[in-house]
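Here's the structure we're looking at; comments come further down.
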Amino acid sequence: MGFFFSTRKGLLLIIFICLDIFGSNAQLLPEDEVQTLRTIFRKLQNQTVNIERTSCLDRKWNFVAESTSKLPTSNITCDCTFNASSVCRVTNIQLRGFNLRGIIPPEFGNLTRLTEIDLVLNFLSGTIPTTLSQIPLEILAVTGNRLSGPFPPQLGQITTLTDVIMESNLFTGQLPPNLGNLRSLKRLLISSNNITGRIPESLSNLKNLTNFRIDGNSLSGKIPDFIGNWTRLVRLDLQGTSMEGPIPASISNLKNLTELRITDLRGPTSPFPDLQNMTNMERLVLRNCLIREPIPEYIGTSMTMLKLLDLSSNMLNGTIPDTFRSLNAFNFMYLNNNSLTGPVPQFILDSKQNIDLSYNNFTQPPTLSCNQLDVNLISSYPSVTNNSVQWCLRKDLPCPGDAHHSSLFINCGGNRLKVDKDEYADDLNKRGASTFSSVSERWGYSSSGAWLGNDGATYLATDTFNLINESTPEYYKTARLASQSLKYYGLCMRRGSYKVQLYFAEIMFSNDQTYSSLGRRLFDIYVQGILLERDFNIAQRAGGVGKPFLRQVDEVQVNGSTLEIHLKWTGKGTNVIPTRGVYGPLISAITVTPNFKVDTGKPLSNGVVAGIVIAACVAFGLLVLVILRLTGYLGGKEVDENEELRGLDLQTGSFTLKQIKRATNNFDPENKIGEGGFGPVYKGVLADGMTIAVKQLSSKSKQGNREFVTEIGMISALQHPNLVKLYGCCIEGKELLLVYEYLENNSLARALFGTEKQRLHLDWSTRNKVCIGIAKGLAYLHEESRLKIVHRDIKATNVLLDLSLNAKISDFGLAKLDEEENTHISTRIAGTIGYMAPEYAMRGYLTDKADVYSFGVVCLEIVSGKSNTNYRPKEEFIYLLDWAYVLQEQGSLLELVDPDLGTSFSKKEAMRMLNIALLCTNPSPTLRPPMSSVVSMLQGKIKVQPPLVKREADPSGSAAMRFKALEHLSQDSESQVSTYTRNKEHKSSSSMDGPWVDSSFSDPSKDVSLLQQEEGNSSSSSRRLLDDLTDVEIE
């Protein structure tokens, strides 16, 4: 009894103690929430957290994080005001940087008072659980995980949300329209995902937004006009979204903006947006937005708080405003890659801030040496013969001495080292925000761009995570990186062909199961202005982080004395993992070696020395005679026909007529390889052994030599793997010559329609590759290049094939040389019957959709192996295209596939290509897709849903009459082609043993109005063709 008595007293004592501690109003977590929290942490694979009913009071949650490069942050907040302060409820859960694994537990939906979930920088997968729509959530932050799947539509049901922060994940698909229900939303941060499609119109309802970031996604459509509704917006980020311009005028309503970042827009050029009321602006980035205007004066007067200004890679002209002297707060200014003129203001030159003015057209250059300049002015002044201008300031970086180097080895971001027999130069300059450095006479680099959110980030990287294997070359352990643009230059290089090797290894992300492994680095690679890689991902191409990858280019031509390697960030990938400022281009090492035999340096024989002396004497004598003649002392002074070209900044190589005559054996007919609407083409071999193609243009161009050279310079800047490369030009007397790369396999027309001896019998994979190549080339001309070009004459004869049967478009930009005005209504039709879009052929209405139509015809020819203009299966069908529409209605499109292929082709790909061809040849230009979409369709990335054009829904009705008009158009158009042209076409089709000859319909002596007068009443039906065709029923 005594034992039981004492035990009872002990129990009572414990009870009294507990009551004394907690009282009658003990603030405890309900048992159901305790169990819910334990389940959540078990599923998050963190077993160390201690969850008790008393945890809200003693706050002993016992969080333990794995080793990580960033200090983790944890916080669980309770509200204990429920039921007269006797019950606690969890309201906020913050677990940042714990590398939590697994999925986001759906049990979060059982915490009925939870208003915040912050799981930033972990290693979570899966998607957002639907159960979250059951709770009054206000903040959802999951940036820096590996969450995936369609963007969660259930978020649109949580109308209490004020902050949605989901950057740097893997969400896909379009934004759900019901996000417009979140009228309390203040922050919507969804950058660096894989979101596609348009920004939904319903988001116009989000009038409380203060921060909207969607950069680094692959969106479509234009920047919506309704962003002007977001008048409370403080920050707007639209970097690298692939959206179309222009920036809408409604943006002027956003008077509270402090940060505006819009980059890499597609579409037409546009004026500078009206931002003058944004007086609180601190960071303004409008990079590559196709803006063609002077810089507004108000930037210097209204935006006095500006810290960062980036207007690079536009088409800005005029001078730098004097009002910029009032920008006392700025740290970074980027006006590079524009067309600015005039002298650089002295207050800019005296500034010690980061300023990049490279690649402009300034005058009055400074006298400082290249390495004394604090402002990056590389390649910003015309190439002139005045040697007082520093070489680094002049276009194309001409060699200040003899161009004698033939190799280059750089350990980017690392020390000098020797690998095998090669000595790699060190590259340790720590500057990079706006820097040009010519480390030696052999090479230099230019770096540009400020880091997002981390001005102090480094420009040199080391193998922080010890990823590089000891057996891997040492240069992979270091790297140079840049936030935006990184260029390396090989200087004073000999002319000729080189092999370029670029060495990469991702050394800034880890290879473990932590958030530090989740970074994605994407950038573009150009060599000599030619795009080699778009959205290049080092880790992906190498098969993991810390693994080496070599990108090699076997033939790179140096025609001047400079070789340029350009790595460029376009706003894609992540920029917060493992810390802010880890993104942008990165490279470990560069090697450049010659493809030609290099002089060994052995001493010259006496005979060779004597020959050199004699040759020098002869040359000097000739020079004296030339000077005497030009000054009038010998035969009088003659006017130099090309005097107006002196001092011009030629953006392309210059050839002499003597060089070209020697190369082509004086334009020997045996070397003639083709003839088109712009003149004959000859094969030639230069003295250094390089094979070229020379196009002999008509000398009747309406433009003067200066304008001609300007246009050619602009065309030569258009460089893409699927465009024929323009090496240069020659203008002497009446000769206008263009020098192109030589393509060994001639034209696509010859490969498909030539004689049995000439045809290449292309297999299906090659046809598919050729079709995609043409589409990529046109997409570049229309949407990606700075100079937007409509080709006007896309056809099989204007597509050439190299040794590997890669397609390259020729004659791009040449129709522009005969233009007098730049308007949508072209009075001079340049094209070929059977390939011209109806609105262009009949009305002269010219847009890039005319090229889309022509591409559709060529695509049809590639699949069928038949010429659109020569193949008529039945008398009532005018073109192959006409027959294709019939087969489409009958469901028999595959009958068009070239019988030579037999069964060796993909039916799925063939149907895809044929449907795309019909989609592109839609009579209505507005229903034809842009070429970038065509590329995606051909690659199977997006579905093809071509509209069906009904020909014979009512054989006696209007539809049949509309297609009958197409026959009248063909007959009328053929009557307009000169007898000479028809004779040439007849010759090309009947005699295929010689060079492939083709003619375009381009008659400069007759404009549209004259042609219409000559037609008279007999062709009234075809003049109404456009009106007829646009009424064709579309399903």
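Cβ coordinates come from backbone N, Cα and C, glycine included.
Copied over from Swiss-Prot:
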COMPBIAS  1009-1023  compositional bias 'Low complexity'
MOD_RES   Tyr740  phosphotyrosine
MOD_RES   Ser826  phosphoserine
MOD_RES   Tyr840  phosphotyrosine
REPEAT    87-110  repeat 'LRR 1'
REPEAT    111-135  repeat 'LRR 2'
REPEAT    137-158  repeat 'LRR 3'
REPEAT    160-182  repeat 'LRR 4'
REPEAT    183-206  repeat 'LRR 5'
REPEAT    208-232  repeat 'LRR 6'
REPEAT    234-254  repeat 'LRR 7'
REPEAT    278-302  repeat 'LRR 8'
REPEAT    303-326  repeat 'LRR 9'
REPEAT    328-349  repeat 'LRR 10'
REPEAT    350-372  repeat 'LRR 11'
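The two recorded residues, Tyr740 (phosphotyrosine) and Tyr840 (phosphotyrosine), show a Cα separation of 29 Å.
Taken together, the residues in the repeat 'LRR 9' (303-326) have a mean pLDDT of 96 on the 0 to 100 scale. Tyr740 (phosphotyrosine) falls within a strand when secondary structure is assigned with DSSP. Helix first, then strand, then coil: DSSP counts for the repeat 'LRR 2' (111-135) stand at 5 helix, 4 strand, 16 coil. Across the repeat 'LRR 8' (278-302), DSSP assigns 5 helix, 7 strand, 13 coil. Under DSSP, the residues of the repeat 'LRR 6' (208-232) split into helix, strand and coil as follows: 5 helix, 6 strand, 14 coil. Secondary structure counts, DSSP: the repeat 'LRR 7' (234-254) has 5 helix, 5 strand, 11 coil.
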